[in-house]
Amino acid sequence: KFKRFWDAWKLYLNVIYLFIYLFIFIGGVCIAQSLKIPREPKPGEFDKIIQRLMETSNARGVIMFANEDDIRSVLDAAKKNNQTGHFLWVGSDSWGSKIAPVFQQEKVAEGAVTILPKRASIDGFDRFFRSRTLANNRRNVWFAEFWEENFGCKLGSHGKRVGNLKKCTGLEKIGRDSSYEQEGKVQFVIDAVYSMAHALHNMHKEHCPGYVGLCARMSNIDGKELLHNIRSVNFNGSAGTPVIFNENGDAPGRYDIFQYQSTNRSTTEYKIIGHWTDQLHLNMNEMHWTTGDSSIPASVCSVPCKPGERKKTVKGVPCCWHCERCEGYHYQVDEFSCELCPYDQRPNENRTTCQPIPIIKLEWHSPWAVVPVFISMLGIIGTTFVIVTFVKYNDTPIVRASGRELSYVLLTGIFLCYAITFLMIAAPDTAVCSFRRIFLGLGMCFSYAALLTKTNRIHRIFEQGKKSVTAPKFISPASQLVITFSLISFQLLGVLIWFAVDPPHIIVDYGEQRTPDPQNARGVLKCDISDLSLICSLGYSILLMVTCTVYAIKTRGVPETFNEAKPIGFTMYTTCIIWLAFIPIFFGTAQSAERMYIQTTTLTISMSLSASVSLGMLYLPKVYIIIFHPEQNVQKRKRSFKAVVTAATMSSKLTQKGNDRPNGEVKTELCESLETNSKYNAFEALYTASVLLKLPLKIDSCLLHEIYYYVMVIYVK
């Protein structure tokens, strides 16, 4: 018995698998999940089934091959999990139009579509079965049990039913004392029996013609031969329909299609909505859904992916997939793959194709440009005013004392430092890139070459005096200009080498503003000047600046009235602070999306500020005196050259006297009235006079305070 049951169960499973195969490969229907109901389900098993079904919640259609109890349990689990109205149930003929599976589950089962083989009621069977009693149907061993169940009574002490039930009288009548409805499969059982009978009859006619009973030929019937004869029968069945089989042994499919619907009287019932006879005949107007909408509800494993999303299919289930958005700079090539856009392109908004990345540059109206341009314009105006003033008052003492030749070189460098702002902001092209390379470091080179030459001259004059009375070489204005332009020539030589090795050109940098969000990505149009090239271009000027600062420190003790030594020192200290602040800001923003704006603005403002410091500290006081206090722009206590020589001669005599005294001490009315600073100033004034006049200097400086002014007059000349 167990073997027979197992064979039947395997046959049932094979039918299910065949159904799945036909659905997928022939019917074009995709099965998202295939779940098995255990033969002996544990508590909560059907809840797990519903939860598994909800993993593919968009696949709402559920086809059930199950018995009545399992169908009812599945419906009950859906109800407990608050999924009433979610699933679209499709039941096999085991559900059919039965009331038992949907009893007290009407709401959750509403809309279910079921099938039932097309059948007819056999009147002869009804008359026969209604006439059956305990007396005339003893050969059926299950009839007594059916009798007790049908009439709700008990057949004596040997009855199968337990409890306090009335005793069966045996006079009960089927259909009168109990409800009766012919089982729908009676027709098919009758036709099946007749099919076997027709097959055996045909075999008998073939193998035992004219013989009554089985002949020797039919004693050993081959099962395959019998099956062949069964499949070959052709007769009208009990319902008047033809009984035939195809080459696979299947009878023609004839089914009624039902839908479990709610009526206007708030009751539910099965209603025929179509049938299958060789093909589907379905009346869509007769179908009702819980939503009240006449359109057919959708049941898909996965909804179609949105534009820009690719399908990642679930292994073994071609109709189920996960939608994955094409991230970053990828775009959707087809429904299953994404690819990276070319480097100069980005995906469009729906990521279905690539489009060119917009190209930007620093615009004149940008706040990053307005501020540097404003500062530069003020600086250019101020520098031009200073140059015009110096040219107009070119022969006045203050202008002459400033070193006119180097002053004009320095002012030219200041002007170029301001002007470079306009080249850095201008739209890049080959010409602009060329001028950027030339003038980027040239303005600073002009400025700091002139200042270095000045501070070096002062330092050499005072250092030479410690060794001899001979005047240092190359301190004339012409020599100073030669030194200055020699220093500038190294900058120009470096630029020429740069032009030869790497000719200027423009590039579009797509990496500078390649943001995580492609919609914010931009290509930056700029000159092909790397950070290393920029450092090399400015490096020489920074070297001059540092060297000039060193000389400014060395000459910090020079008197305030001596050739701008201290203003130059303050200028260099401030400039160093500006450029020390520039370096971390410029290179610290190398990874910023605003790199182009920040670095350009930082560079131009730093150059403008360094130029402003030089302009303000070195020339603003002079211009103020020239314009507002012209009375101070004169030579003070002008003495003749002869007077200076006389003073120098007197100092020589005083020195001789000092040598005649013990320890070289000399006490005069002049020395006693001098303070320490005055002594120092007098020494330096005397030394300058000795250098310019080529006089020997071997006396204490405190004795010559009176001739300080004479020396200044000679130095200015």
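From the backbone N, Cα and C atoms, a Cβ is placed for every residue, glycine too.
Here the structure is a predicted model, which means the values were calculated and not measured.
According to TrEMBL, the transmembrane segment annotation covers 12-35 (among others).
Under the heading domain 'G-protein coupled receptors family 3 profile', TrEMBL lists 368-642.
Sequence-distant contacts of the transmembrane segment (368-394) (same chain, at least 6 residues past either end, Cβ-Cβ under 8 Å): 362, 402, 404, 407-408, 411, 414-415, 417-419, 421-422, 424-425, 597-598, 600-601, 604-605, 608-609, 611-612, 615, 619, 623, 626-627, 633. TrEMBL lists 368-394 (among others) with the feature transmembrane segment.
The transmembrane segment annotation in TrEMBL covers 406-428 (among others).
Taken from TrEMBL, the feature transmembrane segment covers 434-453 (among others). Remote same-chain partners of the transmembrane segment (434-453), defined as residues 6 or more beyond its termini with a Cβ less than 8 Å from a stretch Cβ, comprise 406-407, 409-410, 412-420, 423-424, 480, 483-485, 487-488, 491-492, 495, 498-499, 504, 527, 529, 534, 537-538, 540-542, 544-545, 547-548, 551, 568, 571-572, 607, 610-611, 614.
Per TrEMBL, transmembrane segment is recorded for 474-501 (among others).
Residues or ranges marked as transmembrane segment by TrEMBL: 532-553 (among others).
Long-range contacts of the transmembrane segment (565-587) within the same chain, counting only residues at least 6 positions beyond its ends with a Cβ under 8 Å from a Cβ of the stretch, are 451, 454-455, 458, 531, 542, 545-546, 548-549, 552-553, 555-556, 558-559, 598-599, 602-603, 606, 609-610, 613-614, 617-618, 621. Taken from TrEMBL, the feature transmembrane segment covers 565-587 (among others).
Residues 372, 375-376, 379, 382-383, 385-386, 389-390, 393, 396, 398-399, 402, 407, 410-411, 413-414, 417-418, 420-421, 443-444, 447, 451, 564, 567-568, 570-571, 574-575, 578-579 of the same chain sit 6 or more residues outside the transmembrane segment (607-629) yet have a Cβ under 8 Å from a Cβ within it. Feature annotation from TrEMBL assigns transmembrane segment to 607-629 (among others).
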